[in-house]
Amino acid sequence: MTASSKMTSSTTLLSLFMKEDEEGRNKKTTTSTTLESLLMKERRNWVDLPPELTTSILLRLSLTDILDNAQKVCKEWRRICKDPSMWRKINTRDCLMYNFDFVSMCRHIVDLSQGGLLEINVDEHFLSDSLLSYITDRNLRSLGLGMCFPRVTKLGVVNAIAKIPLLETLEVTHSCIKLDLKAIGHACPQLKTLKLNSLGRLWPASDKYDSNVLDDMGPLECDDDALAIAESMPKLHHLQLMANRLTNTGLNAILDGCPHLEHLDVRKCFRISLVGNLEKRCLEMIKELRRPGDSTADYPYNGV
């Protein structure tokens, strides 16, 4: 079998182990199609690595690699993969191509944390009020909800987030619902980072202002989100509001209500005019400012 037929995930896992080889011995590539045979043909017995080193390496793998490959190599790796410390931070984005029940998979990996889950990013349209409630039955510090999730309701989000008062980071991208930011802010008094982005759902992918597109999207100016943030999130340090319809009035309210704000991203917020006193105020208060017309090339959901 040719080298091109090797499993991508197996190659990824092997390369990580080779990086940790302190002996610096020359390694030869293999054309095997399985992770087990790849490892067996290597000079070094990777299974005999110290547990803490193995854990460090496995933590760098995707969920797909861990669930499909790593935990099946041997008993020791399976034991490590089932350790709750492996599941403190979870990102399900790499599981979008899985051909099985996403809900069951998500519940399974949440269960593996045994209540120790601190950070999770769920980028999947199968998300529902029920699954969100299940996820937030933990002491989360960071919650990311990406893509459009039509089966999640406004009340479902509020009820779920109300269960995690220690939440420090919240990211919501491409939401199909208007969030009750005031209720969320009051429920999470420790919130330091908020990312609320509509880019890709409501706005064109290019960085050009297109009034023909914008005029079909309902109210052209709306400061509801900005005023709710200003009123209920005084401890914010990092705020990202991409493709929001806030105006100068809303931005001024945020600067008044969030005195600790240091990072502000208002790309695609074309109802803001950063000139004069408002621009001066932002430059004096904000350490890192992303303006409405700045490029969104580094935005992970660009083109989604």
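Any Cβ shown, glycine's included, is placed from N, Cα and C.
Look at Swiss-Prot and you will find 43-90 tagged as domain 'F-box'. In the domain 'F-box' (43-90), helix, strand and coil residues by DSSP number 31 helix, 2 strand, 15 coil.
Per Swiss-Prot, repeat 'LRR 1' is recorded for 132-159. Beyond the ends of the repeat 'LRR 1' (132-159), by six or more residues, the same chain brings 93, 106-107, 110, 113, 115-126, 166-180, 183-184, 187, 201, 301, 304 to within a C-beta distance below 8 angstroms of the stretch.
Confidence across the repeat 'LRR 2' (173-198), taken as the mean pLDDT and rounded to a whole number, stands at 90. Residues or ranges marked as repeat 'LRR 2' in Swiss-Prot: 173-198.
Counting only same-chain residues 6+ beyond the ends of the repeat 'LRR 3' (218-241), those with a CB under 8 A from a CB of the stretch are 171, 178, 180-186, 189-197, 247, 249-251, 253-254, 256-266, 269, 271, 290. Residues or ranges marked as repeat 'LRR 3' by Swiss-Prot: 218-241.
According to Swiss-Prot, the repeat 'LRR 4' annotation covers 243-268. Beyond its flanks by at least six residues, the repeat 'LRR 4' (243-268) meets 195-199, 201-203, 207, 219-223, 225-227, 229-231, 233-237, 278, 281-282, 285-296, 299 of its own chain at Cβ-Cβ distances under 8 Å.
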Give the residue counts of the repeat 'LRR 1' (132-159) per reduced DSSP state, in the order helix, strand, coil. 10 helix, 6 strand, 12 coil
